Amino acid sequence: MAMIDEPLYPIAVLIDELKNEDIQLRLNSIRRLSTIARALGEERTRKELIPFLSENNDDDDEVLLAMAEELGVFIPYVGGVQYANVLLPPLETLCTVEETCVREKAVESLCRIGAQMMEQDLVESFIPLVKVGFCYLLSYSSYNVCMHVGKDEITFCNKILQEFDIEFNRGFKRLAAGEWFTARVSSCGLFHIAYPSALEALKTELRAIYGQLCQDDMPMVRRSAATNLGNFAATVEAPHLKVDIMSMFDDLTQDDQDSVRLLAVEGCAALGKLLEPQDCAAHILPVIVNFSQDKSWRVRYMVANQLYELCEAVGPEPTRSDLVPAYVRLLRDNEAEVRIAAAGKVTKFCRILNPELAIQHILPCVKVKMLMENFGYFVEELSTDSSQHVRSALASVIMGMAPVLGKDATIEQLLPIFLSLLKDEFPDVRLNIISKLDQVNQVIGIDLLSQSLLPAIVELAEDRHWRVRLAIIEYIPLLASQLGVGFFDDKLGALCMQWLKDKVYSIRDAAANNVKRLAEEFGPDWAMQHIVPQETSEDVGSHYDLSFLGNLLTDITCSKLLPVVINASKDRVPNIKFNVAKVLQSLIPIVNQSVVEKKIRPCLVELSEDPDVDVRFFASQALESSNQKKMPAPVTCFSNHNQTNS
């Protein structure tokens, strides 16, 4: 008998841990609820485990959060969708706790379960659950809604409402002991699941109740109603959308709490996509225009983030007449946070407009100081804004305006702004411009780009902030392929060798890869002429990264570079010596066997006896590679290493 029970012993331990005083043990057990359920079986899970979880919900928030997450995927363990309703009570209770993240996870799990439930189960179990969340709002007069439907529907409606009475009384007593607003907050996120399956009478009641939630005394409830209005609206029929939903939306937009109004702004785009363009222009557009001048900067910030999404919904004419002036006001807002949001959307907004409108209305806000006569002060251009974060946001997107405006406008209007931002004192601004140069190159060509921006780029190559130098290095190969060998050697060649000696490792590493890519682009003759003399005449060991040399060695340069590498093995810095070992290991497969025996192996043997453990490790690896080489190399010093590596 003990042999039979032994496999279930770990399950018994997990079940006991659900009651343990140690939170970590309880958490571990909750996260393995699926294992417990599989061991118990579907019936015992429904009759024992789920009721146990419903009764033991007074726990730490971390445990409750894990429980809410696990129950969301628990349908297979209770017997399938026909038994999904047994999962609702514990999740319903979790929807009433004070911790926001637990409630949100419980609502998410309820939505996941509700989406899989059969329609009859939704009507009989899920909708009463939603209504319990705001039961204080309801009175028995709700029965009167049945008077508007047929006799058969009245019978069914009465049955549902009778079942609701049982759930109401049970739920009322449980919720009365807790914080009432938490249940109402959670219920807002469930309407879009419950509504499609409800009878017409219940749909009317659900819309009425959601309208009451939008006017709730608690701001937290109104915030939740504003957040979930878009999801609920997507399930509501078109006639009710224009009347009931827009009435709720109007209530939220006029709320005295800015935290509610800014969430209503988020719903504007979602509602705009559900309405016809003319309805959107009539109902949503005036709200957005007013919000762009709201007394709360948080609301204006949200408008700046959402405005461009409404342009397609309302159509070109309202965009030109109403949204463009609203956006211009946001670009000139007196709060830096609003200007940051608006500046970050400049390119997206201009893509929606035609180039003429963008040049006429948007660009002046970016590059010209405007005198605001009504207010009596000057508004700074965004490219020289007093906030570095505004300039950084502008720099991150303004290069994308070049394809929108075209070549002539880019040369005339945008290049001066690019130059101004390239010389900005804040490194992130310069970095954002450098990283998007390819977008401008596609429009104006490399010649104009090099003439106008290259001097600034060369200056940035010596920037005191290493991330700026790194961005320049990463762009050099592309610039080199477009400039050509002659122009590159004249303007940028010396910089590439200078970066190999940078004090920052990331710069040296990127510079080494840079040299490799340049050698591949310009060919071995260029490498022999420009790189080899530099490496043989200077202290290559100071670069700390010699691995790129293996990619440059050819038949001609064998005798010149190999002695330099071997000489670097005498350096006193261990990092240089183990880099020598790595370079020599990369050369072993491609050099003549006699070169390995006479020059490379003696150097590696010496390094394998070095006091430093890392040097010995890499030297030993290289010696092992030399021992595995069996086939003699071709007569030339180097073979085609690309074929060898393949």
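Every residue gets a Cβ built from N, Cα and C, even glycine.
What TrEMBL says about a protein is an automatic prediction, not a curated fact.
Among the features that TrEMBL reports, repeat 'HEAT' is placed at 10-48 (among others). Residues of the same chain lying 6 or more positions beyond the ends of the repeat 'HEAT' (10-48) and with a Cβ under 8 Å from any Cβ of it are 56, 59-60, 62-63, 66-67, 70-71, 73-74, 77-79, 83, 86.
Summarised by DSSP class, the composition of the repeat 'HEAT' (245-283) is 33 helix, 0 strand, 6 coil. According to TrEMBL, the repeat 'HEAT' annotation covers 245-283 (among others).
If one looks beyond the repeat 'HEAT' (284-322) by at least 6 residues along the same chain, the residues whose Cβ comes under 8 Å of a Cβ in the stretch are 249-250, 253, 258-259, 261-262, 264-266, 268-269, 271-273, 275, 277, 329-330, 333, 335, 337-338, 341-342, 345, 348-349, 352-353, 357. Look at TrEMBL and you will find 284-322 (among others) tagged as repeat 'HEAT'.
Long-range Cβ contacts of the repeat 'HEAT' (323-361) within its own chain (Cβ-Cβ under 8 Å, at least 6 residues beyond either end) map to 285, 288-289, 292-293, 297, 300-301, 303-305, 307-308, 310-312, 314, 370, 372, 379, 382, 385-387, 389-390, 393-394, 396-398, 400-401, 404-406, 409, 413. Look at TrEMBL and you will find 323-361 (among others) tagged as repeat 'HEAT'.
The repeat 'HEAT' annotation in TrEMBL covers 414-452 (among others). Looking only at the repeat 'HEAT' (414-452), the predicted model's pLDDT averages out at 78.
According to TrEMBL, the feature repeat 'HEAT' maps to 453-491 (among others).
Per TrEMBL, the feature repeat 'HEAT' maps to 561-599 (among others).
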Positions whose Cβ lies under 8 angstroms from the repeat 'HEAT' (245-283), at least six residues beyond its ends: 207, 210-211, 214-215, 219, 222-223, 225-227, 229-234, 236, 290-291, 294-296, 298-299, 301-303, 306, 309-310, 313-315, 318
